[in-house]
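Take a look at the structure below.
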Amino acid sequence: MQRSTMLPGVELLLLFLLSTSLHAEISHLPMASNRIILDSTELLQNPLIQDAGVPAARATPLPPQKCPSLQRYRKMLKDFDDLEDLYVDVPVHIALAERQRKRFVLNLNDSTPLTIRFSAPVGRKMYYNQTGNPLRPAAVAPGPGVAVGSLVLPCALRGQYDLFVLARHSGALKVDALAEHPQHDWPLLNATHRIAIRTQNRVRKREMIVKWERSKFDFHVMHYCLVIQRLSMDTPRMIFTNFCQAVSAYTDQQPMTPSCAAGGPLEGIWGAPPQRERRLNPRQNVHIVCTGKRRQQLLRRLLPRSSYHLDLFGIHQGRQNLTLRLASSQVNFNRTQPLALKQQALMQLKIGGQHGKQVYSFKVPQTTRQLGEPFMRHLLIPCSGSEIRVKLLRQRSEVGKTEAFYSPTYIRQKGVLPGERYLMRFEPSNDDEALRAQKVMVALSSEALFRDLPELPQNTTVFNVRTRCSRATIAWNGSPDERELSYCIIVFNLPQRNRSVVDFTNYCMDFVPKRVMQYRYFEWMTCRERQQSPDNIETETILNLMPGSSYLVYVTANLSMGKPLPYQALTLHMASQCLDGSHESFY
């Protein structure tokens, strides 16, 4: 085997080149590491040995014929042959002739806000990581020592930045690269800022709704970005003290794809239009969703039995996109248990929403005061008078259900087991009713009577007996409750523009006399004791009604202590013309 020989002149040349490269690798600062470029074409080649502090470009540029911006970038590399290294917090003083071209190269080891200041007006263009995508940084307000055209990047990611400068006039130029935002000394930046983040889990659909309060500082110019981080045993939580760290962690998860569009990774995050829902990539642990001025976001494709940490950042549009951390929260994305209902308590529950079905649970007490077979009584009052159905479940098996009802209704559940837990599922009777079926009032009791609620009759209809020009007589079935009881008749005036009783029926309002008078469109009210009649029929005449008007009438049963319960609402339509006082209509 022959050993290859090398000429002495070639060995000296290689030794000189290696010593120059080694000297270039050593010369760097902690905040910004620079590599001396011997030739402009070296920018387009990947180095053989990567610098651990500065990541190389992760995107392979597209061919020049397919990407005009890359073609222009390569042309600028040839035209701007005068190269100068730029370091963070180290000013550069140079003298430039008119129309002289200068190229600055800045390498960042860490993501940070970046401000580049010029002492004189110059033309400038900035590129990130040799991708050929020109950045569009915001301008810095001119001031002492800061000329018009200075640049600010709210978040400069790790990597190489090429800054091409064209002098407009002859003279001295000072260039400063500062690792801070020009608004970093804003007095409110470190002020106490308490904002609540609320979440709603939909584990079956792998969805989560995130809502938050608006910013207390300059809310009219504040935009929001939500950072979602999935936590696991393999990937512990990363603490983001600023928005740049979150963007850096997000971009490190995936290589940048070649693109001819202007702007860097941060502009791609901010530039995405706000959407009502956003699908998360389950292969990534960090996600960033910017919502603009919207203060809620629907997230999809979450992983069950996982924990998520939410960081909310504000983007101040009036201060050059200054970012500040507003709030944080941690959520366990597990199946939530149904809300447990309490006995002898009238509770208002939500039954609407995108699901259309809501489930609540209740437990039969271990010991009951009943002598015979144990049972449970349910009082159900649809708030808006919409038709709903109820199903009773035990261990996922249906043990009872009701027909559609729209007024106060009692259900007697027999054959219950003491100590067992049951589920109560509400759902609208049809798709049309789903628009109005939003809330329902529920009361449970294992006794024959509700302690603080009056008993309503089986038929809760209120009848319109007779209507005259300015009066109406109504009747209803008396309560079977033997306790001391009274009735209140409450009249609301329906507005002329909309006389639909559907829009104004509300069985869940506070019918306490002192409070019901505060409601809108309240017209008249009277309360009296029950009447003694053989058929247990109660009647009342309502006076001073206006011809041509429409009224919504409620009758409530009231105990001396406790909450009143309403009968079914009645609508009165008064005739618009009345020839004499004897004119009347019967129903």
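Any Cβ shown, glycine's included, is placed from N, Cα and C.
Features as listed in Swiss-Prot:
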SIGNAL    1-24  signal peptide
CARBOHYD  N109  N-linked glycosylation site
CARBOHYD  N129  N-linked glycosylation site
CARBOHYD  N190  N-linked glycosylation site
CARBOHYD  N321  N-linked glycosylation site
CARBOHYD  N334  N-linked glycosylation site
CARBOHYD  N459  N-linked glycosylation site
CARBOHYD  N498  N-linked glycosylation site
CARBOHYD  N558  N-linked glycosylation site
Check: Rounded to an integer, what is the Cα-Cα distance in Å between N109 (N-linked glycosylation site) and N129 (N-linked glycosylation site)?
Finding: 13
Next item on the list: State the Cα to Cα distance, in Å, between N558 (N-linked glycosylation site) and N129 (N-linked glycosylation site), rounded to an integer.
Entry: 76
Next item on the list: Quick one: among the glycosylation sites N459, N558, which has the most Cβ atoms sitting within 10 Å of its own Cβ?
Entry: N558
Next item on the list: Count the other Cβ atoms sitting within 10 Å of the Cβ of N334 (N-linked glycosylation site), across every protein chain shown.
Entry: 12
Next item on the list: May I ask for the distance between N334 (N-linked glycosylation site) and N129 (N-linked glycosylation site), taken between their Cα atoms and rounded to an integer number of Å?
Entry: 41
Next item on the list: State which of the following glycosylation sites has the fewest other Cβ atoms within 10 Å around its Cβ: N109, N129, N190, N321.
Entry: N190
Note to self: Quick check: of the glycosylation sites listed here (N190, N321, N459), which one has the Cα closest to that of N129 (N-linked glycosylation site)?
What the structure shows: N321
